[in-house]
Amino acid sequence: MSPAGCSHVNGFKVDNWKQNLRVIYQCFVWSGSAETRKRKAKSCICHMCGAHLNRLHSCLHCVFFGCFSKKHIHEHAKNKRHNLAIDLLYGGIYCFVCQDYIYDKDMEQIAKEEQRKAWKLQGIGEKYSMWEPTKRELELLRHNPKRRKITANCTIGLRGLINLGNTCFMNCIVQALTHTPLLRDFFLSDRHKCEMQSNSCLVCEMSQLFQEFYSGHRSPHIPFRLLHLVWTHARHLAGYEQQDAHEFLIAALDVLHRHCKDDNGKKANNPNHCNCIIDQIFTGGLQSDVTCQVCHGVSTTIDPFWDISLDLPGSSTPFWPLSPGSDGSVVNGDSHPSGATTLTDCLRRFTRPEHLGSSAKIKCSGCHSYQESTKQLTMKRLPIVACFHLKRFEHSAKLRRKITTYVSFPLELDMTPFMASSKESRMNGQYQQPVDSLNNDNKYSLFAVVNHQGTLESGHYTTFIRQHKDQWFKCDDAIITKASIKDVLDSEGYLLFYHKQFLEYE
């Protein structure tokens, strides 16, 4: 969105423009009453193709609704020379001359007033109000004119953590979480409203931790309160023995999830119906399709997930080849792909149909008997932050070891091929590039990598974190050093954190 208003807004600000804009917001954007919601559902269709979806926009100069995605509103703007339109989902004002969403103080004020009215009609409390400084705060600002500026070389947010005795597993996850963009924005905007005792609330401690990290202080922080709360709420992690960073991540997300409350004030006790910040950022939906080999009936279930655990070549689990070798041969269906293994290879294997065999027959609702079947996992809904766990630690009755297979992972990742909607592009388990691979909604950027050095019995965790777009740093407990992109991509990789490149705000 353009930071300042454009001159083309002035052409709209004539006669009763404020009242006209209010009517549009009341009837077609926020729709507070049941009557206006019915009117919106009936009236808001593209005047060219009749579609209800495709990011409908309304012309501000005349009565016209058009698709933004299919450029129908663009055609109208060009033909009629009507430069401004309003997004009917989010209320943003788009200028076709500037080719951007623009900001105008007067229009923004009207939008917020009408949104508050709509929330009140629906019995919803205001989610978040814009900060308006009090007289005392204005006085403080006048007496303290110096401001800290964020530049490309700024290191604010970088802070080491003291190792309290085999707590590198915790420190590496804390570094990844404190550099998760949306989580950082949530805590630095003081959005958490605690209804527990603050000294027992992990969310309160994380809020304080974010304040410590972004205070500008450079001395290493001592996370003793965080460690105490983790021990209190996740007893299996208590003690000074070495722990698994992945296990700590899941435990921390679980406790944070339980201590959070969603915007409607309901307890966050159901991962499928929760609006807490943890679920908003980290929860995705994993679709499991079980297909009967006799009648080909499909049974589908969707389960929430916070991370995706991926098998590696070299483990006792067969790692099927997913791309042909130099000679195109496969030995017993169990040979490894030629050359380096990639994260994409692991994801292809994860989403490949698996024959369950005669020893794992499932009762088919169509055949009404136990039949052999195939099972396939795909992504029904992607989280904002996707965490990939490379299963480097193998535990079995006969074997305990670390798998050191190098896995190549990219700076940018497109998850479109692994979506449930792209399932038809993989015929009989063979990977094909889907037609909609240019879908920006499924594209991710790498922002943190947790590594494990050493053996299963004795090791150490470190984290690479992205501070700015192309600036990487290595966090080794209290020591933070500059790192190159090559350092990051050449690392072994244990936990890989990716953030969506494009977000739609609600």
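Cβ atoms are placed via backbone N, Cα and C, with glycine included.
Keep in mind that this is a model prediction, so the values were computed, not measured.
Annotation comment: Swiss-Prot describes 4-121 as zinc finger, evidence class sequence analysis.
Counting only same-chain residues at least 6 apart in sequence, those with a Cβ under 8 Å from the Cβ of Cys6 (Zn(2+) 1 binding site) are Cys95, Val97, Cys98, Ile102. Under the DSSP three-state reduction, Cys6 (Zn(2+) 1 binding site) is assigned to coil, being neither helix nor strand. Residues or ranges marked as Zn(2+) 1 binding site by Swiss-Prot on the basis of sequence analysis: Cys6, His8, Cys95, Cys98.
Around His72 (Zn(2+) 2 binding site), taking its Cβ as the centre, 21 other Cβ atoms fall within 10 Å, counting all chains. Sequence annotations record features per position, and here Swiss-Prot assigns Zn(2+) 2 binding site to Cys46, Cys49, Cys67, His72 based on sequence analysis.
There are 23 other Cβ atoms within 10 Å of the Cβ belonging to His76 (Zn(2+) 3 binding site). The Zn(2+) 3 binding site feature in Swiss-Prot is assigned to Cys59, Cys62, His76, His82.
The Cβ of Cys168 (active site, nucleophile) lies under 8 Å from the Cβ of His460, Tyr461, Thr462, Asp477, each of these being in the same chain and 6 or more residues away along the sequence. Following the DSSP three-state reduction, the secondary structure of Cys168 (active site, nucleophile) is helix. Taken from Swiss-Prot, the feature active site, nucleophile covers Cys168, and the record attributes it to sequence analysis.
The active site, proton acceptor annotation in Swiss-Prot covers His460.
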| field | For Cys46 (Zn(2+) 2 binding site), nearby residues of its own chain (Cβ under 8 Å, 6 or more apart in sequence) | value | His52, Asn54, Leu56, Phe65, Gly66, Cys67, Lys70, His72
| Using a Cβ-Cβ cut-off under 8 angstroms and a sequence gap of six or more, which residues of the chain neighbour His82 (Zn(2+) 3 binding site)? | Cys59, Leu60, His61, Cys62, Phe64, His76, Phe96
| task | Pop the Cα-Cα gap between His8 (Zn(2+) 1 binding site) and Cys49 (Zn(2+) 2 binding site) into the table, whole Å please. | result | 28
| said: Using a 10 Å cut-off on Cβ-Cβ distances across all protein chains shown, tell me which of the binding-site residues (Cys49, Cys62, Cys95, Cys98) has the largest neighbour count. | reply: Cys95
| task | Could you tell me which three-state DSSP class Cys49 (Zn(2+) 2 binding site) falls into? | result | coil
